[in-house]
């Protein structure tokens with residue numbers, strides 16, 4: 001059975017941005033903002049339980065490339081190939097895009113031209129994480145929507161399943177995130193799934209002497225081989241990132257890693273590298289520590305590279321700039 005999809009990891013942000021964003025930003029201009037978001041995401045998650053994981057991944061992919069400015073929501077046009085055209089973004093969840101569009105539509109009916117798509121994405125992500133059992137964290141508001149979305153800006157700004165721990169640490173450090181925050185944000189893989197092509201190399205083509213990665217629990221590997229046997233012809237084939245409790249936001253992702261139940265090569269690597277393993281081990285036995293650190297990292301991620309004032313706009317539609325960009 002195929003379910004929408006998540007992949008995930010981490011980020012950070014300058015403290016100065018916090019002074020430009022506030023918790024009660026829409027209190028006077030759109031007082032029902034929080035209620036409308038909450039009702040929209042609740043209805044969507046009930047009807048499509050993979051929405052939370054997909055939206056979390058969408059939010060991460062947005063913030064990692066040019067900051068949290070809803071640039072990943074932009075559709076390409078004749079003059080511009082947008083971020084969504086990047087291969088790594090082709091697997092972003094349709095349910096995630098859909099819930100943001102619905103929220104924007106509902107808000108435009110009540111307070112037109114007031115709420116940015118980037119604020120909607122940030123708030124919806126937090127509400128959905130909480131809905132599936134994850135920690136609450138504050139979402140400061142007042143982001144403007146970015147006015148640039150280019151395919152070429154994606155490469156090098158999102159982690160790949162082939163990345164080494166060195167590459168992951170360097171990427172996140174370059175954006176202001178610590179190794180601890182990298183591991184905490186990776187815990188987002190406790191919900192959602194990955195397509196077979198993302199981990200097929202570990203099953204069928206690991207090395208000349210071992211076709212299957214010996215770190216994968218053998219029975220788990222056999223099940224995955226059966227599930228993904230036709231992945232080259234059926235690109236929708238996928239598996240849960242957390243095979244034990246795939247729909248619940250908990251610390252099971254970390255418990256799975258030493259058992260050989262980590263799905264992606266990057267997941268497995270985090271559980272072995274001496275720089276990341278201590279955090280994996282800590283979160284595996286202490287869910288409270290994971291929740292606290294994840295919440296902190298998400299707050300930090302949510303203000304990464306935000307646009308305020310004239311550096312952005314409030315889009316009328318989340319998939320289109322207010323004026324055509326050439």
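Along the chain as shown, the residues are counted starting at 1.
Cβ from N, Cα, C; glycine included.
What TrEMBL says about this one:
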- 1-19: signal peptide (SIGNAL)
- 20-322: domain 'Plant heme peroxidase family profile' (DOMAIN)
- 30-111: disulfide bond (DISULFID)
- 57: site 'Transition state stabilizer' (SITE)
- 61: active site, proton acceptor (ACT_SITE)
- 62, 65, 67, 69, 71, 83: Ca(2+) 1 binding site (BINDING)
- 63-68: disulfide bond (DISULFID)
- 117-318: disulfide bond (DISULFID)
- 159: substrate binding site (BINDING)
- 189: heme b binding site (BINDING)
- 190, 242, 245, 250: Ca(2+) 2 binding site (BINDING)
- 196-228: disulfide bond (DISULFID)
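Known features from TrEMBL, placed on the structure.
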residue	record	Cβ within 10 Å
30	disulfide bond	19
65	Ca(2+) 1 binding site	25
67	Ca(2+) 1 binding site	23
111	disulfide bond	15
159	substrate binding site	21
189	heme b binding site	28
196	disulfide bond	25
242	Ca(2+) 2 binding site	28
250	Ca(2+) 2 binding site	19
318	disulfide bond	22
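Within the set of recorded positions 30, 57, 242, 245, the entry lying nearest in space to residue 71 (Ca(2+) 1 binding site) is 57 (CA atoms). For residue 67 (Ca(2+) 1 binding site), the recorded positions whose C-alpha atoms fall inside a 10 Å radius of its own C-alpha are 61, out of 61, 117, 228, 242. Close to residue 68 (disulfide bond), meaning Cα to Cα within 10 A, are the following recorded positions out of 61, 62, 189, 190: 61, 62. Counting in whole angstrom, residue 190 (Ca(2+) 2 binding site) lies 12 from residue 57 (site 'Transition state stabilizer') by their C-alpha atoms. Listed in sequence order, the residues 191, 244, 246, 248, 249, 251, 252, 253 complete the 8 Å Cβ shell around the Ca(2+) 2 site centroid, once 190, 242, 245, 250 themselves are left out.
The Ca(2+) 1 site is defined by 62, 65, 67, 69, 71, 83, and by the 8 Å test on Cβ atoms against their centroid, the other residues of the chain that qualify are 61, 63, 64, 66, 68, 70, 72, 146, 149, 153, 305.
A C-beta separation below 8 Å, combined with a sequence spacing of at least six in one chain, links residue 83 (Ca(2+) 1 binding site) to 61, 65, 71, 72, 74, 89, 149, 150, 151, 153, 154.
Mean pLDDT, taken over the domain 'Plant heme peroxidase family profile' (20-322), works out to 97 on the 0 to 100 scale. Residue 190 (Ca(2+) 2 binding site) counts 31 other C-beta atoms within 10 Å of its own C-beta, drawing on all protein chains shown.
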